Structures are given as C-alpha cells and as structure tokens.
Amino acid sequence: LSNISAWWNFGSLLGVCLAVQMLTGLFLAMHYTSDTATAFNSVTHICRDVNYGWLLRYLHANGASMFFICLYLHVGRGLYYGSYTYTETWNVGVILLFAVMATAFMGYVLPWGQMSFWGATVITNLLSAIPYIGTELVQWIWVGFSVDKATLT
C-alpha cells in the first residue's frame, strides 16, 4: 500500500491556481481604474467591452476560491499523512500559509475604491479575541476607532 494518492495533486493545483490568478489579475489590472468615481464603470467596461473580459473576471474571482480549497486540502493531506513530523518543512509551510492569508487580506481590503468595510471589520475584529492586547491591536490596525471612505485614493 502506497501513501501516494490523488491527495498529492493539490500542491501542483495550487501552482496552477496561482498562475491563473496572476495572469488574470494582470490582464484585469490593465483595464481597471482605481478612482472611487470610476471603479464600478471600469469593471462594467471590462465585462462588456474587453474581449473575454467577463471570462477573465470570473476566472479571477472563482480562481481565488479554488486556490483556497486546494490550499486547505493540501494542508489536510499533510495533517492526515503526518507531514508535521518534518518540523522544518512544516514550519516553512505554516509561514507560507500566513503569508497567503496576509496577502489575501490585503487584496480583499485595500484595493482603491473597493474597500470592503464589512469584510475588513469582521476579519480584524477576530484579533480582539486575543487576551489583554486584542482590543488595542484592532484599534492600532484601524488607526483609531473608525475609517471613512476608501482609504487609498
């Protein structure tokens, strides 16, 4: 009986998803405008006027979900097969997981003119559960108690 199974494909699928995300993101960025007054119109332009722009947008949006599904299955496979016993390798994976989460957070929260206050509030308020420093940490991240309008214009 071998440990090699379909579960080992998810590392490669992570690479494919990441490549698709980078390519579609690059092409979408060529047509996107970050100004708060024109951001929505630029997305409409991408979907209606750019050749296969609608496909790029949907691939990019759904590719992010597929990336995280593959990521969690990849970690799950590592847990199932006991890969955590390889301490150095596992620690590199944990660091990469944190880097991916931080990048996803920044990509979700900080695009100019598209800031999701609800998402940012929910995600950052998870930090308030940290004993003793949680509340101050959330206030430090938000630079006070509230943020108004898009923060990057």
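Yeah, the Cβs are placed from backbone N, Cα and C, and that goes for glycine too.
Marked as domain 'Cytochrome b/b6 N-terminal region profile' by TrEMBL: 1-153. The signal peptide annotation in TrEMBL covers 1-19. Annotation comment: TrEMBL describes 6-33, 54-75, 90-110, 117-142 as transmembrane segment.
Here the signal peptide (1-19) has Cβ contacts under 8 Å with residues 63, 66-67, 70-71, 73-74, 76-77, 80-81 of the same chain, all six or more residues outside its ends. For the domain 'Cytochrome b/b6 N-terminal region profile' (1-153), the predicted model reports an average pLDDT of 84.
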